[in-house]
Structure formats: C-alpha cells, structure tokens
Amino acid sequence: MANYEFSQVSEDRPGCRLTRKAQIGLGVGLLLLVALVVVVVIVLWPRSPLVWKGKPTTKHFADIILGRCLIYTQILRPEMRDQDCKKILSTFKRGFISKNPCNITNEDYAPLVKLVTQTIPCNKTLFWSKSKHLAHQYTWIQGKMFTLEDTLLGYIADDLRWCGDPSTSDMNYDSCPHWSENCPNNPVAVFWNVISQKFAEDACGVVQVMLNGSLSEPFYRNSTFGSVEVFNLDPNKVHKLQAWVMHDIKGTSSNACSSPSINELKSIVNKRNMIFACQDNYRPVRFLQCVKNPEHPSCRLNV
C-alpha cells in the first residue's frame with residue numbers, strides 16, 4: 001500500500017471562508033430583512049378599533065344617506081335631481097373613513113361642501129337654537145323657508161351618528177366618541193360646524209332665528225348659532241336679523257326680548273352692521289303650538 005501523507009489544511013489558508021467584511025455585510029443584510037418582516041407584520045396585523053364611550057355609527061348608515069338623498073333630490077326638491085347621490089355618499093365617507101375620529105378637520109369635508117351646490121332664496125333662511133322640533137314644524141307647514149336640515153346636506157345627515165377608525169376602511173359600528181371625552185373635533189361635530197358656516201355665509205336679505213324663550217338664556221354663546229352661524233352672516237348680503245323667541249305654551253310667559261341674553265345677541269348683530277329685531281311668541285309659530293293645546297288662553301281667538 002502506497003504511503004500517503006495527509007496534512008492538515010491551515011486555517012489561515014484562503015478557501016470558501018467569507019472575509020470579515022463580507023460577514024459583516026451579510027449580518028447587516030439579515031438584520032434589515034428581519035426588520036422589514038417585523039414592519040410588514042405590524043402594518044398588516046389587524047388592530048382592534050379604538051374604543052369610545054359614545055354610541056356607534058348608525059346602522060345602515062350608507063343606505064340611509066343614499067336613500068335620503070334620492071328622496072330629497074327626486075321627490076322633495078326635484079330641481080336638484082341632477083345631484084349624484086352615489087358620489088355624494090362616497091365623498092361624505094372620505095371625510096372621516098380611516099381617520100382618527102378626534103382629529104377631523106374642516107378641510108376633510110371641504111370636497112363634500114364643494115360638490116353639493118344649493119341656493120337658498122333671500123329672506124328664506126331660518127336658524128334655530130334649542131328649538132329644533134318647532135322650527136322644523138314651521139318650515140314644513142310654511143313650505144318656503146329653510147332651516148339647515150331642510151337643505152340637502154342637512155337633510156341626509158339629520159339625527160345620524162358616524163365615525164371611522166385609523167385601523168380600518170370601514171365605519172366604526174362598535175362605538176364613537178362621546179361629547180364628554182374631550183374630543184371636539186369628532187366627525188359629527190365638525191360636519192355640522194362646516195355646513196352651518198356655509199349655510200350662514202350663503203344667507204341673504206332678512207334672516208330669522210327661532211330661540212327658546214323658556215330657557216334662562218335664549219341666546220347661548222356656545223350653541224352652533226351663537227358660536228358659528230351669527231358670526232358668519234355676511235353684512236354685505238344680510239341687512240336684518242329677526243329673532244322669534246318662543247315660549248313653552250304651558251310655561252310662564254315673560255318678555256324675553258328684553259332679557260340680558262337677547263341684548264347680548266342684539267349687540268353682536270349691531271356691531272356687525274346689521275339691524276336686529278325681536279318678537280316674543282311670533283304668532284304664526286304660536287298657532288302651531290296651539291294645535292296641541294287649543295284650549296290654552298293664549299290660543300283663543302277674540303271674535
């Protein structure tokens with residue numbers, strides 16, 4: 001048998017081993033790959049929606065919005081039949097979907113306001129504060145005046161709740177922010193402030209506001225009318241604001257037009273170069289109250 005001598009391969013000999021520089025590069029590459037995988041998992045991993053104390057989005061929200069829009073444009077106001085209700089719905093939803101419901105801005109609803117164009121005739125605008133039901137009864141019977149909820153955007157959203165969540169492209173049907181949660185920039189509040197501002201800016205001629213005279217402060221500075229609408233009336237288009245201070249027909253009657261609260265409203269209006277007028281228990285509206293209380297002394301006609 002031939003004699004063969006086997007020698008040990010020197011560890012210092014270059015072979016298949018990686019250089020130290022290559023080892024470092026490979027290690028860095030692996031770390032980056034692991035980091036990328038972690039990021040992808042975090043992004044794609046389903047997260048639980050934020051939990052709030054308030055009631056959730058109204059069930060069948062999209063169906064209600066679309067249905068109301070069609071009723072309004074095809075039946076109630078056929079002159080607006082050219083409005084695209086499906087586009088209005090999708091634009092509305094984009095204002096709050098996939099967003100933190102406490103970080104909604106006026107700009108989020110700007111495309112919706114721009115999309116829906118509606119002209120309210122001069123002298124036909126009626127604002128209200130703490131008198132919603134009575135104001136709506138009046139415009140429904142009177143037929144020619146408009147509250148905010150008699151406009152298309154106000155009509156489709158009236159009495160609904162909605163919010164989204166940054167973790168999903170759907171609406172939050174579990175909970176939405178409650179007014180007590182220090183979340184003033186929520187989807188509902190911002191929406192009404194935005195369209196209230198537009199409603200006031202578009203008003204012209206003589207405008208009316210229906211106030212609740214049964215309250216200690218018929219004019220409330222923190223209400224939508226007191227904080228948004230009255231300050232967005234354009235004095236170049238509106239020359240007079242008439243306040244109708246309505247009292248509960250079964251309550252104590254008082255001269256609310258001379259109260260400090262109404263005088264504050266008068267001061268605001270006058271400083272903005274508009275005329276102010278006030279009337280307690282505006283008679284046409286009083287008649288509506290009398291329908292349910294026909295025997296009340298204030299409802300009896302002197303024949």
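Every residue, even glycine, has its Cβ placed from backbone N, Cα and C.
The Cβ of CYS122 (active site) lies under 8 Å from the Cβ of CYS204, GLY205, VAL206, each of which sits 6+ residues away along the same chain. Positions annotated as active site by Swiss-Prot: CYS122 (among others).
All protein chains included, CYS204 (active site) registers 19 other Cβ atoms within 10 Å of its own Cβ. The feature active site is assigned by Swiss-Prot to CYS204 (among others), with similarity to another entry given as support.
Spatially close to CYS85 (disulfide bond) yet at least six residues away along the chain are LEU66, CYS69, LEU70, THR73, judged by Cβ distances under 8 angstroms. As annotated by Swiss-Prot, disulfide bond applies to CYS69-CYS85 (among others), with the evidence given as similarity to another entry.
For CYS102-CYS183 (among others), the entry in Swiss-Prot reads disulfide bond, with the evidence type similarity to another entry. Residues within less than 8 Å, Cβ to Cβ, of CYS183 (disulfide bond) and separated from it by at least 6 positions along the same chain comprise TRP52, PRO101, CYS102, PRO177. Classification of CYS183 (disulfide bond) by DSSP places it in coil, neither helical nor stranded.
Taking a C-beta cut-off of under 8 Å and a sequence gap of six or more, CYS163 (disulfide bond) has these contacts in its own chain: TRP52, PRO56, THR57, PHE96, PRO101, MET171, ASN172, CYS176, PRO177, ASN186, PRO187, VAL188. Residues annotated as disulfide bond in Swiss-Prot, with similarity to another entry given as evidence: CYS163-CYS176 (among others).
Under the heading disulfide bond, Swiss-Prot lists CYS257-CYS278 (among others), citing similarity to another entry as support. Within the same chain, residues at least 6 positions away in sequence whose Cβ sits under 8 Å from that of CYS278 (disulfide bond) are GLN242, ALA243, VAL245, CYS257, ILE262, LYS266.
Sequence annotations record features per position, and here Swiss-Prot assigns disulfide bond to CYS290-CYS299 (among others) based on similarity to another entry. When Cβ atoms from all protein chains are considered, those within 10 Å of CYS299 (disulfide bond) total 15, not counting its own.
All chains included, 13 other C-beta atoms sit within 10 angstroms of the C-beta of ASN103 (N-linked glycosylation site). Among the features that Swiss-Prot reports, N-linked glycosylation site is placed at ASN103 (among others), with the record citing sequence analysis.
The secondary structure of ASN123 (N-linked glycosylation site), as reduced to three states from DSSP, is coil rather than helix or strand. Cβ neighbour count for ASN123 (N-linked glycosylation site) (all protein chains, 10 Å cutoff from its Cβ): 15. Residues annotated as N-linked glycosylation site in Swiss-Prot: ASN123 (among others).
The N-linked glycosylation site annotation in Swiss-Prot covers ASN212 (among others). Secondary structure at ASN212 (N-linked glycosylation site), taken from DSSP and collapsed to helix, strand or coil, is strand. Taking all protein chains in view, 20 other C-beta atoms sit within 10 angstroms of the C-beta of ASN212 (N-linked glycosylation site).
Every protein chain shown contributes to the tally, and the Cβ of ASN222 (N-linked glycosylation site) ends up with 7 other Cβ atoms within 10 Å. For the recorded site, ASN222 (N-linked glycosylation site), the DSSP three-state label reads coil. Residues or ranges marked as N-linked glycosylation site in Swiss-Prot: ASN222 (among others).
Averaged across the topological domain 'Cytoplasmic' (1-21), the predicted model reaches a pLDDT of 55. According to Swiss-Prot, the topological domain 'Cytoplasmic' annotation covers 1-21, on the basis of sequence analysis.
Sequence annotations record features per position, and here Swiss-Prot assigns topological domain 'Extracellular' to 45-303.
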Fewest other Cβ within 10 angstroms of its own Cβ, chosen from the disulfide-bonded residues CYS69, CYS102, CYS176, CYS257: CYS102
Residue from ASN123, ASN222, CYS299 whose C-alpha is spatially nearest that of ASN212 (N-linked glycosylation site), among the recorded positions: ASN222
DSSP state at CYS204 (active site), helix/strand/coil: coil
